[in-house]
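Asker: TrEMBL lists these features:
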type	residues	note
DOMAIN	13-227	domain 'YjeF N-terminal'
BINDING	62-66, 130-136, D159, A270, G324, H377, D444	(6S)-NADPHX binding site
BINDING	N63, D126, S162	K(+) binding site
DOMAIN	235-504	domain 'YjeF C-terminal'
BINDING	K414, G415, S416, G417, S418, G443	AMP binding site
Amino acid sequence: MPSNLTLYTVAEIRQIEHAAFATCPSYTLMQRAGTAAADYARQLLADHDGGATILVLVGPGNNGGDALEAASQLANSGWDVAIHFSCDPARLPADAQQALLRAQDSPAHVIHDILPTHNDWALVLDGLFGIGLTRPITGDIARLIEYINNLHCPVLALDVPSGLDADTGMIVDANAFIPGDGRAAAIRATHTITFIGNKAGLHTCDGRDYAGQVQVSDLGLEAALYPPSSSQLNHVELFANTLQHRRQNSHKGSYGDVSVLGGAHGMVGAAVLAARTAAKSGAGRVFIAGIDEALNYDNAQPELMCRRAADFDFNSATIVAGPGLGTSRDAHDFLLQALAANVPLVLDADALNLIAVESGLQQKLLSRKALSLLTPHPLEAARLLGISNSLIQADRLAAARTIAKKFNAVTILKGSGSVIAAPDGAVVINTTGNPALATAGAGDVLSGLCGALLAQKWPVWEAALAAVWLHGKAADNLVASGIGPIGVTASELIPEIRAVLNQLVSRQHSPR
Ligand SMILES: NC(=O)C1=CN([C@@H]2O[C@H](COP(=O)(O)OP(=O)(O)OC[C@H]3O[C@@H](n4cnc5c(N)ncnc54)[C@H](OP(=O)(O)O)[C@@H]3O)[C@@H](O)[C@H]2O)[C@H](O)CC1
Ligand SMILES: [K+]
């Protein structure tokens, strides 16, 4: 069976569903979906005394059918179930009509008007819309969603939180302001059970905020029905074989050199953060090639070797270009030297902004023989593609793929559910991290970590996957230990990253 970590587009899910109907009656799938939803609901209610009521929201399509099937199973097993239709039940599609008959034969009851004072639900099942949502949710259904989002009980979304685009993780037409109806709405679920296959939109952009904890139910479909997928969720197994155990007989030269090109006047801290991260992520030696006056030394990290960029040989180390680089003429000229160097190169921040506005630098990047790794946040990505930030966020997977292909470089598009893309179209969505990373310097830390792994001879794809995973996991560990997410500073990530990296190496190389 395809792993739950493999991601499928809505089109691919439709293709699988269609193929499945050839071998099993479509209602069978809906029954299995309803069973999976009911089973998950029971798990979420395990500690509940069974006294309260489950509210089941039914929309106009087969997502509503799944919900009706779940409702009848829960009602038949003793739960008090209230069904609320956001549509005319008579117009439900055929499969959902079957589920409706089963619900009508069950003890479930229909509730027409949900009063704002109603707030003692044990659980809400969201069966309003699934992958068939085609336009923003507005009007009465949007008002219903606003009511649901203000409840404090678990909300289990069936297949997709209603209102969310299953491919992109955007709220459908979130940017559209619908006159008279306000902003488009989406269910903010605490949990989502998604059917047939996992979906990118549940894990990136708004997906992590609106889908909550995601469980996948393959509805018992055989693997042969699933097309090959070029998208998956990040996980340690994707880079575990690259985790290097250190031999006793080694020295600092065994672990490579990193040079951070940046640190313009007033922005030295960015370069220091990247360099400190590189040092604590295993690089043998770390230099800061400052483009203005050379930083004398880093008092807190005297191991860092500070040089003037003008005196630095860019062919002597893996380069992390961008942290605090600025966009001056000097910055441009030193970046040109870095692009020309035959060494691994991480391009972040102002290095990306300079490349975005000059085709000569873009040509230089494209003509590189050594590997490059780009680490844009959405606004830097927008500049690289000459489009708006909201268009980048509207389809993060497409944006990351486009940049990777345009510049022939592995690209990390940062943000909630960072997207790592390869020039060949492969995409991985990261699963670690939290709002603690929304702090100045977190990007500098990530670029320094990327540089350190590349200096230690990690292949660029595995280096990108590992760096993003470690960076997010460090933030998760800080929050789990009671620090943050509010107020975490980028510097605090650095020792955590080192700890997680060493834990992974020990686990990978401990005797079985
Ligand atoms: N087919 C099966 O047996 C299985 C399906 N699965 C579940 O089905 C959904 C997909 O079902 P589908 O009917 O294609 O779509 P939805 O239920 O998501 O709803 C689409 C209907 O909603 C209308 N629509 C779309 N946008 C809006 C809106 N903003 N406001 C109001 N109505 C809207 C749309 O009608 P239009 O023609 O007006 O566009 C559709 O009627 C899937 O997600 C699963 O939950 C099972 O997983 C497997 C078995
Ligand atoms: K739903």
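Every residue, even glycine, has its Cβ placed from backbone N, Cα and C.
Locate each feature and note its surroundings.
Answerer: Annotation for N63 (K(+) binding site): spatial neighbours G127, L128, F129, G130, I131, G132, L158, D159, V160, S162, criterion Cβ-Cβ under 8 Å with sequence separation of six or more.
The DSSP secondary structure for S162 (K(+) binding site) is coil.
Secondary structure at K414 (AMP binding site), taken from DSSP and collapsed to helix, strand or coil, is coil.
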Asker: Relative to the mean position of the Cβ atoms of N63, D126, S162, the recorded K(+) site, which additional same-chain residues have Cβ within 8 Å?
Answerer: L57, G59, G64, A67, G127, L128, F129, G130, A157, L158, D159, V160, P161, I187
Asker: CA-CA, which of the binding-site residues N62, G65, H377 lies nearest G443 (AMP binding site)?
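Answerer: Sorting the binding-site residues by distance from G443 (AMP binding site), the top entry is H377.
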Asker: So if I take the binding-site residues (N62, D159, G415) and measure from each Cβ to the nearest atom of ligand 1, which come out below 6 Å?
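Answerer: From N62, D159, G415, counting a Cβ under 6 Å from ligand 1 as near, the near ones are N62, D159.
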Asker: Is it possible to get the count of other C-beta atoms within 10 angstroms of the C-beta of K414 (AMP binding site)?
Answerer: 25
Asker: Report the residues of the chain - excluding K414, G415, S416, G417, S418, G443 - with C-beta within 8 Å of the mean position of the site's C-beta atoms, for the recorded AMP site, in sequence order.
Answerer: H377, P378, L413, V419, N430, G433, L437
Asker: Among the binding-site residues N63, S162, S416, which have a Cβ atom lying under 6 Å from any atom of ligand 2?
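Answerer: Checked binding-site residues vs ligand 2; flagged N63, S162.
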Asker: Give me the CA-CA distance between G417 (AMP binding site) and H377 ((6S)-NADPHX binding site), in Å, as a whole number.
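Answerer: So the alpha carbons of G417 (AMP binding site) and H377 ((6S)-NADPHX binding site) sit roughly 12 Å from each other.
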Asker: Measuring Cα to Cα across K414, G415, S416, G417, S418, G443, which the record gives as the AMP binders, how far apart are the two most distant ones in Å?
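Answerer: This binding site's residues have a maximal Cα-Cα distance of 14 Å.
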